[in-house]
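Undergrad: Quick paste from Swiss-Prot:
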- Tyr184: active site, proton donor (ACT_SITE)
- Lys255: active site, proton acceptor (ACT_SITE)
- Arg237, Asp351, Asn492: NAD(+) binding site (BINDING)
- Glu327, Asp328, Asp351: divalent metal cation binding site (BINDING)
- 380-396: NADP(+) binding site (BINDING)
- 7-18: compositional bias 'Low complexity' (COMPBIAS)
- Asp351: site 'Important for activity' (SITE)
- 1-62: transit peptide (TRANSIT)
Amino acid sequence: MLSTRTAAVAASASPASPWKLGGRSEGGASCDGCRTYRNTLRRRAAPAKVRALPPRRVDAVAMVSNAETETEKEQEEAAAASEELPVMPWATSVASGYTLLRDPHHNKGLAFTEEERDGHYLRGLLPPAVLSQELQIKKFMNTLRQYQTPLQRYIAMMNLQETDERLFYKLLIDNVVELLPFVYTPTVGEACQKYGSIFGRPQGLYVSLKDKGKVLEVLRNWPHRNIQVICVTDGERILGLGDLGCQGMGIPVGKLALYTALGGVDPSVCLPITIDVGTNNEFLLNDEFYIGLRQKRATGEEYDELIEEFMSAVKQFYGEKVLIQFEDFANHNAFDLLEKYSKSHLVFNDDIQGTASVVLAGLLAALKMVGGTLAEQTYLFLGAGEAGTGIAELIALEISKQTNAPIEECRKKVWLVDSKGLIVDSRKGSLQPFKKPWAHEHEPLKTLYDAVQSIKPTVLIGTSGVGRTFTKEIIEAMSSFNERPIIFSLSNPTSHSECTAEQAYTWSQGRSIFASGSPFAPVEYEGKTFVPGQSNNAYIFPGLGLGLVISGAVRVHEDMLLAASKALADQATQDNFEKGSIFPPFTSIRKISAHIAAAVAGKAYELGLATRLPPPSDLVKYAENCMYTPVYRNYR
């Protein structure tokens with residue numbers, strides 16, 4: 001369940017015991033042998049002895065209650081060592097002492113008080129100093145800034161997440177603008193490329209072809225039962241970097257870290273998953289450190305059967321209200337999966353729907369600067385994949401709702417260019433299904449420049465994944481027939497961006513309204529400083545996810561995406577516009593996410609898709625109260 005602010009305050013005032021349930025949540029199912037084994041341990045645990053001893057002697061209780069078996073265990077282990085037989089990996093049932101310091105959910109580093117150190121057998125296991133959470137954040141930031149490369153900072157942050165979860169999230173929330181590029185894009189792309197080399201402690205859950213027929217058992221191995229948000233990838237299209245196979249795990253791990261830090265979703269209800277069906281990346285297949293299956297990527301029936309088993313197992317094990325976010329699937333699977341499961345599961349594709357929602361928000365905000373409506377603009381895209389067609393469809397949908405015109409007519413305002421040129425009606429026979437709605441009557445054009453000159457768009461959007469394709473002549477052409485050309489260079493990472501912020505402002509003589517997918521530094525042009533907006537999906541998906549969770553939504557509806565876009569656009573202020581930015585600053589992202597969550601939840605209640613009844617009277621306040629707050633708790 002989501003923590004509430006009230007509960008967080010109560011928790012900080014009322015000490016709690018750092019329970020550790022043997023590596024599995026108490027409700028977790030397992031094989032008959034394991035259940036028998038745990039039941040035997042419970043029978044030996046002698047409740048009367050537990051009540052007879054002081055509360056702080058929990059570890060002593062465990063030792064007393066199992067004293068009768070200690071010699072037996074030692075004999076078994078000695079025999080196993082000599083005979084090379086398997087041994088039972090014994091673990092304490094309460095996080096205390098050495099174990100507590102290595103439990104990321106309960107570890108507080110040097111913030112354990114003197115009383116906690118005595119009560120939980122930490123005396124001598126820590127240096128004498130007691131440092132507050134705030135001071136530990138200051139210390140870690142000082143260390144982080146001394147690293148020379150973004151990847152070093154990424155590794156340090158991931159190590160912190162695996163050792164002190166609350167410090168990790170507090171650090172990220174308090175320094176979100178500085179740390180976001182290291183936790184997610186663009187650094188996460190390099191991390192995925194080198195994931196095998198930097199792999200330490202495993203994060204998330206791996207489902208592979210080896211698990212076919214046993215996916216439900218794999219899900220049961222995860223220690224938490226109350227999962228509400230899953231981010232899953234098959235690693236075939238990681239950012240703009242292509243097929244990284246099993247090493248794509250960095251994406252769902254990073255994505256869910258942002259669900260928590262930016263959207264306030266409790267980390268214990270989040271589950272990152274990678275589905276490993278092989279890879280066609282020859283470099284990885286020949287890399288001795290590659291962590292995935294060493295085989296070509298499965299396709300067709302074999303692939304579909306594993307995905308179907310996975311989706312069925314998730315719904316069976318976690319219920320209908322668990323959000324499944326598809327992440328970085330290749331085009332040929334992404335659209336099919338979204339269409340197939342959107343009617344039976346709570347599913348969301350960030351590459352298609354999340355990108356579209358944040359770009360639509362940027363356009364709505366940009367129109368506040370230039371005037372006019374969505375229907376009065378002409379849109380030209382470079383790139384016709386998941387992102388490009390997803391954005392185009394949401395724009396057409398919003399135009400349709402604003403004008404009451406058929407969506408087929410509204411699509412005619414939007415033009416797309418792919419690797420073969422302008423998508424036109426004469427190409428329909430060779431087009432992929434998701435491109436066909438955008439094939440309009442026009443003469444064939446081979447280049448983006450020709451398309452710009454012919455169509456004369458007011459909005460130019462790049463989702464091609466190919467860097468430096470918005471050339472000087474293209475931006476100058478855009479500026480020649482638009483007083484304020486709107487230019488979105490959305491491809492990630494930075495090296496793949498269609499143009500830089502400096503190029504957009506310089507080549508348009510400071511007149512363009514610019515946004516990018518990757519962050520760019522402020523640009524000075526003729527005495528004015530422009531702060532480029534980052535059209536980052538992280539503006540949308542954390543708040544969207546929170547809204548779905550707090551309302552108990554059972555399906556994602558397109559109207560929820562439109563509501564999220566409008567809520568984000570409303571957060572941009574005149575002060576942002578004067579600096580050239582169409583997005584609000586990330587420093588207020590939790591406030592932004594609360595408003596987006598409220599808008600999404602409100603739409604869920606309006607559409608009859610919410611199950612948490614009755615609806616709260618103040619959805620914004622309710623969303624804020626439901627947000628996870630990563631402050632250290634006191635332990636009794």
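Yeah, the Cβs are placed from backbone N, Cα and C, and that goes for glycine too.
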Undergrad: If you measure every Cα to Cα distance among Arg237, Asp351, Asn492, the residues said to bind NAD(+), what is the biggest one in Å?
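TA: The span, Cα to Cα at its widest, is 12 Å.
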Undergrad: Using the recorded NAD(+) site (Arg237, Asp351, Asn492) as reference, state which further residues of the same chain have their Cβ within 8 Å of the centre of those residues' Cβ atoms, listed in sequence order.
TA: Ile238, Leu239, Gly240, Asp328, Glu386, Ala387, Gly465
Undergrad: Taking only C-alpha atoms and a 10 A limit, tell me which of Tyr184, Glu386, Ile395 are near Asp351 (NAD(+) binding site). These are the recorded positions.
TA: Glu386
Undergrad: Give the three-state DSSP assignment (helix, strand or coil) for Asn492 (NAD(+) binding site).
TA: coil
Undergrad: What does the structure give for the C-alpha distance between Asn492 (NAD(+) binding site) and Ala392 (NADP(+) binding site)? Integer Å is fine.
TA: 19
Undergrad: Looking at the binding-site residues listed here (Arg237, Leu380, Thr389, Ala392, Ile395), whose Cα lies nearest to that of Asp328 (divalent metal cation binding site)?
TA: Arg237
Undergrad: Under a three-state reading of DSSP, tell me whether Lys255 (active site, proton acceptor) is helix, strand or coil.
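TA: Lys255 (active site, proton acceptor) sits in a helix per DSSP.
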Undergrad: Using the alpha carbons only, what distance in Å do you get between the residue listed as 'active site, proton acceptor' and Ala392 (NADP(+) binding site) once rounded?
TA: 24
Undergrad: Would you count the other CB atoms within 10 A of the CB of Glu327 (divalent metal cation binding site), including those on all shown protein chains?
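TA: Its Cβ has 29 other Cβ atoms within 10 Å.
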Undergrad: Looking only at Cβ atoms, how many others are within 10 Å of the one on Leu380 (NADP(+) binding site)?
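TA: Looking across every protein chain shown, the total is 22.
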Undergrad: Compared by Cα position, which of the recorded positions Tyr184, Arg237, Glu327 is the closest one to Gly383 (NADP(+) binding site)?
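TA: When the Cα distances are compared, Arg237 comes out closest.
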Undergrad: Ile395 (NADP(+) binding site) has how many other Cβ neighbours within 10 Å of its own Cβ?
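TA: Taking all protein chains shown, Ile395 (NADP(+) binding site) has 26 Cβ neighbours within 10 Å.
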Undergrad: Applying the rule Cβ within 8 Å of the centroid of the Cβ atoms of Glu327, Asp328, Asp351, what extra residues of the same chain belong around the divalent metal cation site?
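TA: Output for this site, in sequence order: Thr233, Arg237, Ile238, Ile251, Phe326, Phe329, Ala334, Asn349, Asp350, Glu386.
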Undergrad: How many Å lie between the Cα of Ile395 (NADP(+) binding site) and the Cα of Arg237 (NAD(+) binding site)?
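TA: Cα-Cα distance, Ile395 (NADP(+) binding site) to Arg237 (NAD(+) binding site): 24 Å.
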Undergrad: Using C-alpha atoms only, work out the spacing between Ala392 (NADP(+) binding site) and Glu327 (divalent metal cation binding site) and round it to an integer in Å.
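TA: Their Cα atoms are separated by 19 Å.
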